[in-house]
Amino acid sequence: MNVEKAELVGQSTGSQVILDPGNFIQVSKSANVGIFTNSLIIPLYIAAFSILIFLVHLVANSKPARKLFRRSGTSSEEAVVPELQPDSLIQELKLHVGSLGGPAIYAFILARLIGSLALLGLSITTLVLEEVHREEVDQSSQLLGQEGDVVDTFGKWGKKHPKKKSDTHFTKREWLEAAMCLTFLYTSLLALISATAKPRWSKVAIRHLNTVLLAAFCVYLYRDVYPLITFTLKPKDLSEGGILWAKIVDLSIISIVIPLVIPRPYVPVDPKNPSPKPNPEQTASILSLFTYAFVDRLVFAAYRVSHLDFSQLPSLNDRDSAEYLKALSFKYLDEFHGAPRRHLFFGLIKIFRNAYVQLAIMILLHVFANFAAPIGLNQLLRYLEPGGEKAVIRPWFWILWLFIGPVGGTLAIQWYVFITTRTLVRTQAIITQLVFEHSLRIRVKAETADSPGDSKTSSSLETLTPETSSIHEGTVDGSDTLHSVSPTEEGETATVHSSSASVSSANGKDQKKTKKPQDDDTPTSDTNNLVGKINNLVTTDLDNIVDGRDFLFVFIYIPVQIVLCTIFLYAVLGWSCFVGLGVMIISFPLPGMIAKFVQHAQERRLKKTDARVQSVTESMNVLRMIKLFGWESKMETRIAEKRDEELIWIRRRQMLELFNGIITSIPMVTMIATFVTYVIMKQTIRASIIFSSMSVFDMLREQMRIIFRSLNDTMTAKVSLDRVSDFLKNTELLDTFSQKAVENQEYFVPADIVPDSQAIGFRNATFAWSAEDGSLTPTKRRFMLKIEGEVLFRRNCVNLVIGETGSGKTSLLMALLSEMHFIPSVPNSWYNLPRDGGIAYAAQESWVQNETIRENIVFGSPFDEERYKKVLYQCSLERDISLFEAGDATEVGEKGLTLSGGQKARITLARAIYSKAEIVLLDDVLAALDVHTAKWIVEKCFTGDLMEGRTIILVTHNIAITRPIAGFVVAIKDGRIESQGTVSEALRRDSALAEEARREQQVIDKSDSGVVPDQPPVKEQKADGKLIVAEEIQEGHVSWSAVKMYLTSMGGRYSWTFFLAFVFAMFVTEILNAIYNWFLGYWASQYETHDPASVNVLHYVGIYCLILAGAVVSYTSGAIIYIIGTVRASRAVHKELIASIFGTTLRWLDTTPTSRVIARCTQDIRAVDGPVPMWLQAVSEISAMMIMKYTAVVVITPIFFLPGIVVALLGGLCGQVYIKAQLSVKREMSNARAPVLGQFVMSFSEIFASIRAYGVQEAFKAESLRRIDKFSRAARTYYNLNRWITIRVDALGALLSCVLAVYLVYFRGQSASNTGFSLNMAVGFSSLILWWVRTLNEFEVQGRLERIQHYTTIEQEPKPTSEAEPPAYWPASGHLRVEKLSARYSQDGPKVLHDISFEIQSGERIGVVGRTGSGKSSLTLSLLRCIFTEGTVLYDGVATDSINLDALRSNITIIPQVPELLSGTLRQNLDPFGQYDDATLNDSLRAAGLFALQTEMNEGRITLDSSIASGGGNLSVGQRQILALARALVRGSKLLILDEDYRTDTIIQDSLRNELGGDITLITVAHRLQTIMDADKIMVLDAGRIVEFDSPKALLKVKDGRLRSLVDQSNDRDILYSMAEKAS
């Protein structure tokens, strides 16, 4: 009060005569105090403090100070040296303006300088006017004979001066104005510095300037604006007149507007590599950031086009790039980058700690802003109630609160969401890359098939031994270790490898009861569902983790909100509020209980999802095999069973969430208890109390929902985060990354005792495929590679590794490459593979990327055209490439589907030859080649100039053909070294090998120039070589057909009944909700019109409880109906999708990447299970709520009809503009996610060894980063668009509420109850506009329905029908008759077979030969109706085009060149559907020749219980072929087609000759004449036509015959003639 009185004294216009000197001194002191405590002096204080800080800053940055406190490295000023010296003043000005951010920013800086100078001028003007006014007063006083006012005449610092002329004395008002002049002089100087100084000091000056100006603005706001909102106060500086308001406007502009609207200069993360076009977010002004105006250009650009292309999206923010995030985060998350061993959560919090501090602040601001509307409503209704005329604050201020509160709350929460979504995208990028890089460290054989057993749980990876991995000494990641040094890294040499890997295991998958149970003592193998789990980690689990980002709500928002609600309710309702809060506290444990159930349900659901995803992923990877075998329906049934198990837990979780929804009605019960207690306490309940407290109770109800949602999301996120953390900590890794390598070093020999650091070999080393018991392979075989003594490969020559099938040849190479677990047997054990010169590796199973032929060969190395052409020549690829229309620019397709087996093998070899690695490891690369091509490779390639000075270690069966070039030979038998030295020594020790070499010698001189590896015809390759079609992107809104598909699936057979019941329950619920809101106001109005004592409280409470109970029952009924529908839809959509994919054509599979198909079955199906039904329900409920609230307001206030429609239309218009952009961005975002998943699928397909051998992990990591960046770019834009619409529609709704409040308060005399009800409904309606737009958009932009619906309409093969079922006896024989058969790969493509006709009797053995492209493979596909055919094919007298495809294909068995196996036991591979007993299966294995390869020892035998890795990756190719033959024998088909591979050994040939029944027809697509010369007939094809077809003996008699010419050209002519003669 003293301050205020002093200010009032200072404003006095009259003069006061002081006669008493004592009084004069006392008043002088009082006035002195008044100057320094006056609010106008505050800006000067802040300016003085600013000057002090500025000076300290200057001193700290002076050269002496920097020398004293110099830090390591150069300063930023020293680093910034202008490259160009300005030639003129104009150029210097341009450079200066550019350094400050550009012309736009500089214009604002100048505007602020002008504004500061204007403020200084206005203050000086005010001071002058005050002086003039004082002189006028003095003169008038003198004329009246009075003394001047000496009370307020003081010199500097308030001290009284000796009597001087009156014009040297300042009044207190003048002193204060002088202080403002000094303040604005300082701000003008700061503004000048900001415009003229270098960027560094300009930024410092701007910060000080903004602070001082903002302080001055706040002072004037308090003194002169705040009094305007009251009925009693007046502005304190009104004496200044218009100058005052000019100052305030000027201050508003330069202290508020300019700082908010000035663009920010672009500051790149890496100054050396700035973005050529920065993301608008990085340069947007503060106001643009908070209102998301920087998205405007994108939104309106999208509205003008049908679809916004990805290239039109804003560039990626520097700080969102995956490379930057990796550098920022891996040091906290990845142990191999130095992160401490701890849970992933703590590392993520460390990375995003600053973001979460901002989030906490935004949460608090949002909480406080939430109370603006209830407080404003309370005060507004109190003003309208009787006695409201005593109010101090004007009602328009409280109406303004109804606008500022929601808008301020929206700005706060939307900035919160902006930060969380930014963190979300960054977290996705970080964890995706983290999981990918960790996957490159996993032991290649560790991701195996399912463990057999009776376990009912198909769980994710669960470790039995928590042995962990940590950083290997001196390494950072896999690329820097001795096991994977790239050829370009210099100075790295190999050292001793001696470490043990961790052990991890998992539960087995379900098995049918008919299958033999596993013995208790059978050792368990490693990892169940690992491939499916890793896919889940980067899809479902990652989504769950980022969904749990709002855990701060649980710890900050909810407690603070509840406390403030309690304070508000106590202020309004008194002690009665604690009764209601007591009810709430009693019920509070319920969320925790439900959260536990939800967590359990989520864990079980994820395990079931893992099993389904694993089954779907594996099925998609072998889909061609499934179709060729006619297994579609059976596989669909198997997947459907896993889907049903998953849906059980999905439904259970939905029911728990429904229970959550019911519990949210607890605040309603609390409200009833509170109001009843309030009335019982003899208090008069009023509308202002009811409707304001109702808003707060709504907040409490929202808290309950947030508690449930946040707890559920947090629990779910914890489960998923635990899974990711467990994967990173407990997955079995290569020995390189094993902690035991460090722990057990005392047992091993140091590197310096290796005889030669460049030596290649082993000493007393033992290797196993898994660290589990040191011996187990994924097949449950106790196979161990034991090398006793010393084996050293010779440098600069060809080293052969030979042995029988399954002897361990591939294991030897894997051991050298450190892919196997090393077990030292004696103290001096070691093995060594120098990597400083680089390693090249060609795997036994050829691996190609989905790139062009050239890119597959060059493989990231610098392109050398001369070397490249030599490689093509030496690898015999020139002719193959010439057959492709696009040459070496032809895309090979996924898994090399456009290439034959031989072509893939030669491209894999060419990759190794093209590299400049000094050591080349080749795993049986000759096996897939015919003898002619193999001889070419040996003569031209292995002895060519490109292999000079290189060390080759070649695993081979072709002993005879490679014998001349062998410099050293290692023979292996049963995992042990049988011999080493020369070929003769090896053959002398092993009779079986000698016999194989003898047979091979019989054909090495043969020149089968006319019989070359089959190549599928180039399937309509375009000139650009593109095979894979671009992923489809829908344009515009989600199609009705996609929505209809889902709605129809929800309704089932009784769609109308289902939807009528749901809509009826929903509208009844909303009607009752509106009624109970109105009823509370009606109850309150009774106290205004009746004696409070006469109001029957129980009567009104009873009616209110009945209304509330009815609403709960109605809501529950509708929700249960909806849950039943969503589960039905999830099952139906998944079933339809799987059926469509299984039923598609091979042509479609050729052009669609498997990763894309898997994304539909995993990521998109997850959306169908969760977001799609959730958003559909939200759209339905919000639509009903809007209709009811709008109707209620119109009934009370009819004039609201038109504004409501206008606002709804405006909101809808904003929504349409927004949705147009959002749909495009969401689709691009969805499509950008598939390649990220594709990188995982590709990298898990048996190529880890190749990646690590070549040392190209970094290239794959870089590709992963690039794909993640593409996804992040779309994702950030997507989330920013959500913020854009939210801000605008919320502001629109708040404006509507304000307009209605103005009308009700100033223009219509409504009662307080009706006004409160109308405002309550109007606020609800306006806030729902946003949510309706958002939820409708979320439902649309899920994009999943469209993507799934598109895959349900892909081209299909004919579906099975009952009319096309063949007779039960069919086929009784293998008789085959073909008449005028033509075939083509697409309906409008060229014919690949031309009217061929032939007949094959039952039991005949037919050989098919022909040149490349002659139509051999096309013939086999046409017999199975895998391609479009014309003509007639009669199989056992039945036309194949008249029966179902599954029936046809299940009765014809094809053995492809590259057999495909499923993960699981051997029993499950031979008999996937449990149709045969073990005796039959063992007979087939014996007949196929498997047992002939195995000794009778218990260890190492492959049995029916042996576990098979996905794709058969843990078996040799020879073993896989034998199992494929055994599977064919089990099927017992009357027609068997063998697409013979050159690696097919004599065991399989003998089995085919001796084990097939006499009524089984065999068609062999031959690559070696010896294979078929004893056949009953031989068919010679050329250009899709049969040129010869007869017995071998007859064809050899045909002069100038094709077969005869081939035989005559062979050096084995006599042998072939003899075979033909014997066959006849």
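Glycine is no exception: its Cβ is also placed from the backbone N, Cα and C atoms.
As stated in TrEMBL, the feature transmembrane segment covers range 658-678 out of the listed 658-678, 910-930, 1561-1581. Transmembrane segment is the annotation TrEMBL gives to one range among 242-262, 1229-1249, and that range is 242-262. If you take every residue in the domain 'ABC transporter' (760-999) and average the pLDDT, you get 81. Note on the transmembrane segment (578-598): residues 566, 569-570, 653, 656-657, 659-660, 663, 666-667, 669-671, 673-674, 677, 700, 704, 707-708, 711-712, 715-716 of its chain, located 6 or more positions outside it, place their CB under 8 angstroms from a CB of the stretch. Ranked by number of Cβ pairs under 8 Å to the transmembrane segment (104-129), the listed stretches 175-197, 204-222, 396-418, 1054-1079 are led by 175-197. The transmembrane segment (242-262) makes no contact with the transmembrane segment (355-376), as judged by fewer than three Cβ pairs under 8 Å among residues 6 or more apart in sequence. Through the fold, the transmembrane segment (175-197) approaches residues 10, 35, 38, 40-41, 43-44, 47, 50-51, 106, 109-110, 112-113, 115-117, 119-120, 123-124, 126-127, 130, 154, 158, 205-206, 208-209, 212-213, 216 of its own chain, all at least 6 residues removed from its boundaries and within a Cβ separation under 8 Å. Sequence-remote contacts of a segment are chain residues at least 6 beyond its ends whose Cβ falls under 8 Å from one of its Cβ atoms, and for the transmembrane segment (355-376) they are 349, 398-402, 404-406, 408-409, 412-413, 415-416, 419-420, 422-423, 552-553, 556-557, 560-561, 564, 568, 692-693, 695-696, 699, 1323.
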